[in-house]
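Enquirer: Next up is a structure, given as structure tokens.
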């Protein structure tokens, strides 16, 4: 008796071979998408002086880029559903390049908003989603490792982009740097070229539906083909969505505030910057390691618990931060924070894939990112607002603020699992059993 | 009256051990921007008040200034600082077994320029900013250093816009840069007690400069993409050949 097909893809993913090239491409894409808005902040001072604007107006450039990258998620998903990952990523890479190259010739801050904010942001959105999606198409058994490795691209790229940006700026000024950055972003096209479509392109699955489309289908059903809104009926997906949205409120704030907090308690600029480097390096190692741990046969079936644990760990880390005294305390905090941050990021998409399955993942990731979009933008400014209000004991209580949503979320996740198991034990056990069986069957296949 | 005090803590061994090589020397920088009366004091820490055989002199350069013995172990001078001639270094020298001195440097406020050069392009505009932290200058003047000559050229003609966003900050905007605009610039702040300079460097590049790395990277991208696609076509052909061979074998078997 042949065991049931473990995934809902309709085929068995290779779990290796060309998949590793895809992982490499994905890490490059993901790296650019996450780190570009952060690394771009180096240019702020110069741009502020050149255009004679306030810091807030310049900071909007990064915010618009971030908002577009996350907000254009559903559009990205629709395009991938229709055309597959490869054309979308290549087009995204071209957009990024064009955006930055045109930014080099900007004469007003508004033009910068459009070129860097919207065009490059949209290009990055077209990079991020397809990269994560295609991993689900190439891997099943080793998917957590693949995800961990792909997400490791982000800290690696941050460590390279930040000093590179500084070097470019010192030697070419901001216009020259934008021009060269445009060329560098074109490398996303190389990453895209590596995304060889597997099986037939997803569009071929829909040809029958296409003809029916012409026959005047219900508008909602038509939209559903491209973006699976039925996901909103999926309880696991809803919990993931709400949990994520809340988590992102406090997720990035610590990174934004770490250096200012260090300077606030009297540490010099370079040591404060070094804290972020420690964070990035630990993050870099933590992501693939988490992937490997998540892939082990003890953790894989319980990956959702592992994810909630890492979120709770994150929150505890921040709650304990005010206890950190002096520079060594902050170094220890940075190490743990890097570890926790890496763990959460490595499994961010893996858990979603695990929940909804690889076929519906395309739509799921689009819907999740647009929801995260708002909270990501609101997080640091809210933290900044709370800073003076909660400044008791002369401690930066923005750190305490950061911790609160995350502890909340961690507990939320943990609570979910208890409830989910209690309310619908059959369904959750079934998914776990299916996965185990699937893993077993693919292991047997490999054995032969 | 503003008072400035330097407390000397002498190295004990210097007094009891004749083999001590050098005494301690202390310095203090004092920033003054407008006319004022100041008092400078040198004070000996209470520990050493038993050392009576101390000769104290206040000097400015070679010129000795009469001082007041404020208390048993502090000596001070009072001065009216009205113009730049009164600025400089004032030292109090205590002669015991060894000579120890403390120096006060009276100076005008320092101006922040920029350490790293500002990079801009021909035809573009550039902004140079100078800030005076804490003290408000009476006037700002901009100079450009001409080539190898050290003579400064004041800039108040066409193509240069000098703006003051606030009294402490000055902007020099150069529209339509050319190669000749490349070089060192001074922003000079005039205070009641003198002038102070900030240094800025402007680099004007031609558009060709960033174009070279740009084209190199674009070429690299195109080459890599081509390689990836060619490899894909090649491996697809290999797969097809392998499949055709398998079919051929199967037909042969029949």
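Quick reminder: no glycine exception, Cβ is built from N, Cα and C everywhere.
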Enquirer: State the residue range annotated as transmembrane segment by TrEMBL; the candidates are A:217-235, A:331-349, A:388-406.
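Expert: My reading of TrEMBL: the transmembrane segment range is A:331-349.
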Enquirer: Taking A:88-110, A:410-432 as the choices, which stretch does TrEMBL tie to transmembrane segment?
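Expert: The range carrying the transmembrane segment annotation in TrEMBL is A:88-110.
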Enquirer: Restricting to the domain 'Major facilitator superfamily (MFS) profile' (A:19-423), what is the model's mean pLDDT?
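Expert: Summing pLDDT over the domain 'Major facilitator superfamily (MFS) profile' (A:19-423) and dividing by its length gives 80.
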